[in-house]
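Enquirer: Once you've had a glance at the structure underneath, I'll fire off some questions.
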C-alpha cells in the first residue's frame with residue numbers, strides 16, 4: 001500500500017515541498033532564512049488577527065484602542081510588541097535572505113528572484129501602512145510625508161495624493177483604508193510566497209558553490225527540518241528577548257504622543273528598516289529625483305541577473321567581488337545610520353556619497369570586477 005503522504009492529493013503537495021523535497025547536501029545556514037520568513041509571516045498574521053479584534057480604525061479612537069490593547073486586553077501587550085518587533089525580525093530575515101541571494105548568485109533563477117523582489121515591495125508597503133495604524137505623531141507625519149512624495153509625479157501627482165488620502169489631508173478616510181489594506185496584504189503575500197516556492201521547486205535550490213547539485217541531493221526532512229529548527233530557536237530567542245526586555249528599543253518615542261496635525265515632530269523618520277531608502281531619497285535635493293532614486297534603490301534588484309557578467313555563479317571563489325559585496329553591506333549600514341540623522345552637515349554629504357557608492361557598486365563596479373575575474377581565471 002502506498003504511503004498516504006505520497007498518494008493523497010493535498011498531502012502529496014506538502015510532501016513534495018517540505019518532506020521528500022530533494023535538497024543540495026551542502027547548503028549552509030544562509031539557506032535557513034526562507035523558512036524563518038515563513039514563520040515570521042505566520043506570526044505576523046496570527047498576532048495581527050488578534051490585534052485587529054480590539055483595534056478601531058478611527059482617528060478619534062485609534063490611539064486609545066492601542067493603549068487599551070496594552071493595558072486591558074489579556075496578554076494584549078505581548079501581542080502588540082510581538083507584532084511590532086516581529087516586523088523588525090521579518091525585515092532582518094528578508095535582508096539577509098536577499099543578501100544571500102546576491103552573494104551566491106541565486107538571482108540566476110529569474111522567475112523566483114523577480115517574484116521575490118515583488119514580495120519585498122509588498123512587504124514594505126504592508127509594514128508602512130501598519131506603522132500608520134497606532135496614530136501617534138510619527139504615524140501621522142510619516143504617512144503625510146511618504147504619501148506626499150507621489151505629488152512629485154508630473155500632471156497627475158496632486159490628484160493621485162488626494163485620491164490616496166481620501167480628502168485634502170491624511171485623515172479618517174486614510175486611516176480606514178490603510179487598515180483595510182494592512183489586513184488584506186499579508187494574505188496576498190502568502191499567495192505570492194506559494195508562487196515563489198512553486199518556481200523555486202521547478203529548479204531546486206542553489207548551493208554555496210553555485211554549481212549543479214543534481215548528483216548529490218538529500219531529502220529535506222529530517223536533515224533540513226532539524227537544521228531550520230536551530231535557526232528558529234535563535235530567532236525566537238532574539239525576538240522574545242527584545243519583546244520582554246526592551247520592547248520599545250526599535251520604535252520611536254514620538255509615537256507615544258497622539259497624532260497632532262498642528263505640531264510637526266523635530267525629525268520625521270520611518271522605522272529603522274526603511275532608513276537606507278529614506279537616506280537615498282533625502283540625498284537628492286530634487287523632489288521627483290529623490291522619489292525616482294527611492295524606487296530605483298530597491299527596483300535595481302530586478303536587473304541584477306542582467307548585470308551578471310561572471311563565468312562563475314557564486315561569489316565563493318571570487319575574492320574581488322567579495323570585497324565589493326562587503327563594501328556594499330557597509331555602505332547600506334552607513335545609509336541606515338544617515339537616514340536616522342538630521343538633515344545637516346556632515347550627514348548630508350555622507351548620505352550623498354553613500355548613495356552614489358551604492359548605485360555605482362551595483363551598476364558599474366560589480367559587472368566590471370566580474371569581467372576582470374574572468375580574465376584572472378586564464379592565468
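A Cβ is built for glycine as well, from the same backbone N, Cα and C atoms used for every other residue.
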Enquirer: For the annotation transmembrane segment in Swiss-Prot, which listed range does it cover: 136-156, 157-177, 178-198?
Expert: 178-198
Enquirer: Rounded to a whole angstrom, what is the C-alpha distance between residue 201 (ubiquinone binding site) and residue 97 (heme b b566 binding site)?
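Expert: Computed Cα spacing between residue 201 (ubiquinone binding site) and residue 97 (heme b b566 binding site) is 17 Å.
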Enquirer: Taking just the CA atoms, what is the gap between residue 196 (heme b b566 binding site) and residue 182 (heme b b562 binding site) in Å?
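Expert: Per the Cα atoms, residue 196 (heme b b566 binding site) and residue 182 (heme b b562 binding site) stand 21 Å apart.
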Enquirer: Give the nonlocal contacts of the transmembrane segment (288-308) in its own chain as ranges (CB under 8 Å, at least six residues past its ends).
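Expert: Contacts with the transmembrane segment (288-308): 98, 102, 105, 107-108, 110, 113-114, 117, 120-121, 124, 149-150, 152-154, 276-278, 280-282, 355, 358-359, 362-363, 366-367, 370.
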Enquirer: Quick one: do the transmembrane segment (226-246) and the transmembrane segment (77-98) reach 3+ CB pairs under 8 Å, ignoring pairs fewer than 6 apart in sequence?
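Expert: Checked: the transmembrane segment (226-246) vs the transmembrane segment (77-98), in contact.
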Enquirer: If you measure residue 182 (heme b b562 binding site) to residue 97 (heme b b566 binding site) at Cα, how many Å is it?
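Expert: Per the Cα atoms, residue 182 (heme b b562 binding site) and residue 97 (heme b b566 binding site) stand 23 Å apart.
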